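These notes concern the structure reproduced below.
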Amino acid sequence: MATSMIPIFVTFMLVAAHMALADTNMLQDFCVADLSNGLKVNGYPCKDPAKVTPEDFYFIGLATAAATANSSMGSAVTGANVEKVPGLNTLGVSISRIDYAPGGLNPPHLHPRASEAIFVLEGRLFVGFLTTTGKLISKHVNKGDVFVFPKALLHFQQNPNKAPASVLAAFDSQLPGTQVVGPSLFGSNPPIPDDLLAKAFGAAAPEIQKIKGKFPPKK
């Protein structure tokens, strides 16, 4: 009986694979996100096309540098993703501006849903990412340079200079998502047990508690 089911299972898998590859392109001109709708199915539902306006495709927030004075890391990220530009819904792209104070850092983090390419607007940065084998790929980049961070790999940008710096970052996702290493591990809600982190990092529990004190849990 089990043997007789194999051809049926194989046929089902082939049909499913074909379905997964079908209609990969958009089936309408656009699908402006209806941010007021609580329903989410791997994205936002479409806004009524009759109610779409030019403002749905427009964002002015990247025109000027963001304030970095209140950032403990000396950096500020201004995102233009689907939550700020509803017209990006289903388009698979977004953009951000990152500003760095002198000595500023965009700490080690990853984007689980996107690769990233940065274009240096001003200044000089030390940037890099870690491969899954632990190799550091890093370089100093200058104004006008481009550097790429592969999807879901840990990466960072540091401004080691005495002048501000800024970049534009492009993503192949309308909502890349961001996980910063420090806050994710030491500021989770509910918290990761101290003994677990102590063993993972080869540290004593009091040291873990001290580090956690620097990362208040997100509400």
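One-based numbering along the chain as shown.
Just so it is clear, glycine is given a Cβ too, placed from its N, Cα and C backbone atoms.
Computed from a predicted structure; not experimentally measured.
Positions annotated as signal peptide by Swiss-Prot: 1-22.
Annotation source Swiss-Prot lists disulfide bond at CYS31-CYS46. Long-range Cβ proximity for CYS31 (disulfide bond), meaning a same-chain Cβ under 8 A and a gap of 6 or more residues, is found for CYS46, LYS47, ASN89, THR90.
If you look up Swiss-Prot, you'll see 60-209 marked as domain 'Cupin type-1'. Per-residue pLDDT, averaged across the domain 'Cupin type-1' (60-209), gives 97.
Summarising the annotation, Swiss-Prot assigns N-linked glycosylation site to ASN70. ASN70 (N-linked glycosylation site): 7 other CB atoms within 10 A of its CB, across all protein chains.
In sequence order, VAL148, PHE149, HIS155, ALA169, ALA170, PHE171, PRO176 make up the list of same-chain residues 6 or more apart from GLU116 (Mn(2+) binding site) whose Cβ falls under 8 Å from its Cβ. The Mn(2+) binding site annotation in Swiss-Prot covers HIS109, HIS111, GLU116, HIS155, and the record cites similarity to another entry as its basis.
Non-local neighbourhood of HIS109 (Mn(2+) binding site): LEU154, HIS155, PHE156, THR178, GLN179, VAL180, VAL181, each in the same chain, at least six residues away, with C-beta under 8 Å from its C-beta.
Around HIS111 (Mn(2+) binding site), the same-chain residues six or more apart in sequence whose CB sits under 8 Å from its CB are PHE149, LYS151, ALA152, PHE171, SER173, PRO176, GLY177, THR178, GLN179, listed in sequence order.
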